[in-house]
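Colleague: Got a structure for you, questions after.
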């Protein structure tokens, strides 16, 4: 649900700005007015969501959602050390490999999303609205990819295999997108953008789930926070470098830069040892016929 909400917000971000702020190069004052409306609207919505979060959400669910969570909740809170948890995670070599590979993939997605308008307009002048629609297509396809990948992962528990396959398909998708971007057919860009979004965005929940598996019993919030930090760092660096390459050379040069890094991510993902600690705990308790606590118990 978290990733679907995140992607839905990104989709709205692609769709609304070209509509709220149309390209009016001959009237800068109108453009500034439209940008102000968009920013004030964003501020109002964000403030409202901030207050709703404080009022509506609880700190944790009343009952543990799984056996592994039930085991963690038996430990007294004073035994938890955030500093020690960070140290333990950085001693976990599989997690470090995943931290870097997740940052590469997600950072590449952030970079492509940020510079998509520039890439489209370079080859299709005056198509700002369609650039937003292509971004919307990329994200909506990613929402579908996230659901399908999540269901497949829940059914098979093949965390490393699924993560690696989606990583490879994302690499192929970016290559196809890169070398078909300048063909002159927007419909091709819509299709290749959708395929790219399906796999790149579909990878996001896989990375989080895989991290929780190989870092259990460390806090999910700590590992997820580090993954997000890695994604932001790579995203900033990739966006700056790809933007420079796109401006000075061409969108193809910037995308090839990302392809090279994603190939490195494939190698790192292949090196991750798949130690499914959380799954093993759940399986061991279920073999003892102990049921997870539910609201009906």
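Note: Cβ is positioned from N, Cα and C throughout, glycine not excepted.
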Colleague: Tell me which of 253-272, 273-292 corresponds to the transmembrane segment entry in TrEMBL.
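Modeller: My reading of TrEMBL: the transmembrane segment range is 253-272.
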Colleague: TrEMBL lists transmembrane segment for one of the ranges 37-57, 58-78; which is that range?
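Modeller: From TrEMBL, the annotated transmembrane segment range turns out to be 37-57.
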Colleague: With the transmembrane segment (253-272) as the reference, find which of 93-112, 164-181, 187-212, 224-241 contributes the most Cβ pairs under 8 Å.
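Modeller: The stretch I would name here is 93-112.
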Colleague: Let me know the model's mean pLDDT on the domain 'Major facilitator superfamily (MFS) profile' (1-277).
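Modeller: Across the domain 'Major facilitator superfamily (MFS) profile' (1-277), the average pLDDT comes out at 84.
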Colleague: Counting Cβ pairs under 8 Å that sit 6 or more residues apart, are there three or more between the transmembrane segment (187-212) and the transmembrane segment (37-57)?
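Modeller: In this chain the transmembrane segment (187-212) does not contact the transmembrane segment (37-57) - fewer than 3 Cβ pairs sit under 8 Å.
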